[in-house]
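J.: Got a structure for you, written out below as structure tokens; questions coming shortly.
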């Protein structure tokens with residue numbers, strides 16, 4: 001049984017790794033040219049982003065139904081390998097629970113044969129068993145320590161990977177991805193901030209957990225659809241989610257603030273020369289850092305107390321469409337004064353939309 005767990009875990013792990021999530025074809029455009037107005041354009045892939053797809057900086061491609069980039073499989077989790085990845089997250093804890101049971105019973109039976117209970121003390125003899133027959137494999141102090149260490153690893157894996165499995169099942173049963181859950185939360189914040197009175201309904205939730213489940217898990221192992229066109233619930237537009245993404249992108253531009261670099265920054269993760277607080281409060285994320293030179297212009301979209309995230313403003317003719325985005329220390333920049341011709345207001349953004 002333990003070998004069966006191992007085979008199934010490795011099969012789904014390598015399937016998720018080598019099958020991959022599926023990528024939007026390079027140069028892809030929708031069948032109807034008028035639908036391009038509802039989609040974002042990817043300058044790297046030179047194509048439009050299909051509904052539910054996102055560009056991955058690690059894979060350097062637009063991924064269909066992207067959930068996240070997983071470093072453990074060195075690939076994205078998306079349309080084609082979402083089922084294999086989720087099954088791996090299920091089978092790994094089950095195999096570890098089985099292994100934990102074996103470790104616990106082994107240590108219990110071996111220690112039971114070596115412990116003598118007296119009226120005033122308990123004596124443990126790890127050198128030899130008091131009962132016959134003797135164990136086939138000698139169980140000494142080193143074997144006990146190794147078993148205890150393996151038990152800790154098995155329990156830790158069960159808890160950590162099991163939590164990831166629960167998170168994945170929550171988004172699968174609502175037919176969402178982790179990114180789409182975040183987009184839905186931002187949609188609620190945008191509507192509340194501007195008080196538009198509109199209601200955002202996630203278009204891909206079929207209204208039934210079983211129907212949402214079948215969108216990912218099938219008997220053939222091949223997910224439904226082609227990864228480009230998706231069924232939507234009644235009353236929703238085919239591009240409801242992409243239209244909301246365009247609104248959020250425009251809102252980000254409105255709320256963004258322009259900064260100018262006053263110090264050089266090399267782009268290291270934990271800069272020593274920028275202060276102790278900056279060093280110890282570096283963002284715990286895989287998002288990149290951007291190097292700054294004195295005089296560079298940055299359009300900041302979000303920030304922490306000692307760090308900010310934004311995009312460097314480059315010459316569009318010279319950069320070839322490449323965007324430099326990432327984190328940088330707050331103390332390296334200063335806010336630019338408002339310029340009515342080129343800049344956006346930097347203070348007191350009003351609810352004017």
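Cβ coordinates come from backbone N, Cα and C, glycine included.
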J.: Which range, 87-108, 109-130, 175-196, does TrEMBL list as transmembrane segment?
T.: 87-108
J.: In TrEMBL, which of 40-71, 136-167 is tagged transmembrane segment?
T.: 136-167
J.: If TrEMBL is the reference, give me the range from 6-24, 215-233 marked as transmembrane segment.
T.: 6-24
J.: What is the three-state DSSP composition of the domain 'SH3' (254-338), stated as helix, strand and coil residue counts?
T.: 14 helix, 29 strand, 42 coil
